[in-house]
Amino acid sequence: MSKNYRSELVGVFGCPVDENPTGVMEEAAFEKMGLNYRYLTIKVEKEDLGAAMNAVRAFGMKGINLTIPHKVKVLSYLDELSEAAEIIGAVNTVVNREGKLFGENTDGKGFLTALKKEGIEVRDKKIVILGAGGAARAIGVECALAGALEITVVNRNEDRGMELAALIETKTEAAGKFVKWEGSYQVPEDTDILINATCVGLYPNVSDKPEINYDTIMSRMAVSDVVFNDPNTLFLQEAAIRGAKTVNGLGMLAQQGALNFTLWTGADAPVGVMEDTLKREFGLK
Ligand code: NDP
C-alpha cells in the first residue's frame, strides 16, 4: 500500500505576522474535515514579496493569505482577479489554480456573511462606514455590490475618504458619499447600518472608542465593528446600551476564513469549529 506523506500547503504572508490567529482557526477546520493541509504563518518582509510569491508556485501551494503590508503590492504577481478584488484594489487571498494565481478579497464577503447570519441584509440600506482603510474599502465595495442604496464614508484623512466614496459612486450602483471626520460625528437618523472599520479599540487600546455622538445611535440601527481583539469593544457596548443590534469582528474573521477554506479545498467549511477556535484563542470560551 502506498502512503502519502505530503501535505497540501496554504498560509499567510505578512510583517508583522506573529500575532495573526488565522492559522489556528484553519488548522482546526482541516482537522475537523480530515484534510491533510498545513497552514503556515510566514514572516515576509515588504521587499521579499516577489520571491515569496514565486515560492507559492515552486512549492505548489494551494494558496496564500496576505496581510500587512502585502495586500496591494501582491496584485502585480497575480494572473487573475475577482471583480471585487479588482475594484477594491487589494487581495487578501490567493488561490493557485494549476500554476495560475487568482486573487480574491474575502474580507468584505466575510463581513456580509456575518451580518446575514444575524438576519441583517444590506440591500436597499443606508450604511455609514467609519474609516477608509483596507477593511473599510473591502466592506464598502462588497456592501455596494450586494445592493446597498447609499454608503457614507466618514474619515479624518480627506483624500482617502473621498477616494473610497468616489470608487463606490462610480464603480457600483450604490451612492457613495464622503463626510470629513471632525470632532464628534453625529450619526444621521435614517442610517440603517453603522460600521466601525477603523482600528480604534484594537488591543491594547481597548478603552478607546471612535469619536461619535453615541446618543445619535437609534435602537432600529444595526451596529458592527471590525475590531476582533477584544471583540466586545466599547463601541459595541455603547450601541447595545442604546438598544441597537450588534455584530462583532469575530464573525467577520471566521467567515472570511471559511470562504478561504472553501476556495483552497473545494469543501464546505466547518464554520462553527472555526468560530469556537477563535473564541478559545481570545479566552472567550
Ligand atoms: P488601515 O490602516 O488600512 O486603516 C485604518 C483606518 O482607521 C483609517 O481610515 C484611519 O483614518 C482610521 N483611524 C485610525 N485611527 C483613528 C482614530 N483615532 N480616529 C478615527 N479614525 C482612525 O487599517 P485596516 O483597514 O487594515 O484595519 C482596520 C481594522 O480592521 C483593524 O482593527 C483590523 O484588525 C480590522 N480588521 C478586521 C478584520 C476582521 O476579519 N474582523 C479583517 C481586516 C481588518 P485616516 O485615514 O484618517 O488615518
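Cβ coordinates are placed from backbone N, Cα and C, and glycine is handled just like the others.
A TrEMBL annotation is a machine prediction, not a hand-curated record.
In this structure, LYS71 (active site, proton acceptor) belongs to neither helix nor strand by DSSP; it is coil. Annotation for LYS71 (active site, proton acceptor): spatial neighbours ALA90, VAL91, ASN92, GLY134, criterion Cβ-Cβ under 8 Å with sequence separation of six or more. The annotation active site, proton acceptor is assigned in TrEMBL to LYS71.
In sequence order, ASN92, THR106, ASP107, LYS109, GLY110, PHE111 are the residues of the chain that are 6 or more apart from GLN256 (shikimate binding site) and have a CB within less than 8 Å of its CB. In three-state terms derived from DSSP, GLN256 (shikimate binding site) belongs to a helical segment. Feature annotation from TrEMBL assigns shikimate binding site to THR67, ASN92, ASP107, GLN256.
In the shown protein chains, 15 other C-beta atoms lie within 10 A of the C-beta of GLY133 (NADP(+) binding site). Look at GLY133 (NADP(+) binding site): DSSP puts it in coil. What TrEMBL records for GLU83, GLY131, ALA132, GLY133, GLY134, ALA135, VAL226, GLY249 is NADP(+) binding site.
What TrEMBL records for 12-94 is domain 'Shikimate dehydrogenase substrate binding N-terminal'.
Sequence annotations record features per position, and here TrEMBL assigns domain 'Quinate/shikimate 5-dehydrogenase/glutamyl-tRNA reductase' to 121-198. Predicted-model confidence for the domain 'Quinate/shikimate 5-dehydrogenase/glutamyl-tRNA reductase' (121-198) is 97, expressed as mean pLDDT.
Residues or ranges marked as domain 'SDH C-terminal' in TrEMBL: 249-279.
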Spatial neighbours of GLY131 (NADP(+) binding site) that are distant in sequence (at least 6 apart) but have CB under 8 A: VAL153, VAL154, ASN155, ASN196, ALA197, THR198, CYS199
For the domain 'Shikimate dehydrogenase substrate binding N-terminal' (12-94), the number of residues DSSP places in helix, strand and coil: 35 helix, 18 strand, 30 coil
THR67 (shikimate binding site) and GLU83 (NADP(+) binding site), distance between Cα atoms, whole Å: 20
Contacting recorded positions for ligand 1, chosen from THR67, LYS71, GLU83, ALA132, GLY134 when the Cβ sits under 6 angstroms of any of its atoms: ALA132, GLY134
Cβ contacts of GLY249 (NADP(+) binding site) (under 8 Å, same chain, 6 or more positions away): SER224, ASP225, VAL226, VAL227, PHE228, ASN229, PRO231, THR233
Under 8 Å by Cβ from ALA135 (NADP(+) binding site), same chain, sequence gap 6 or more: ASP107, ALA197, VAL226
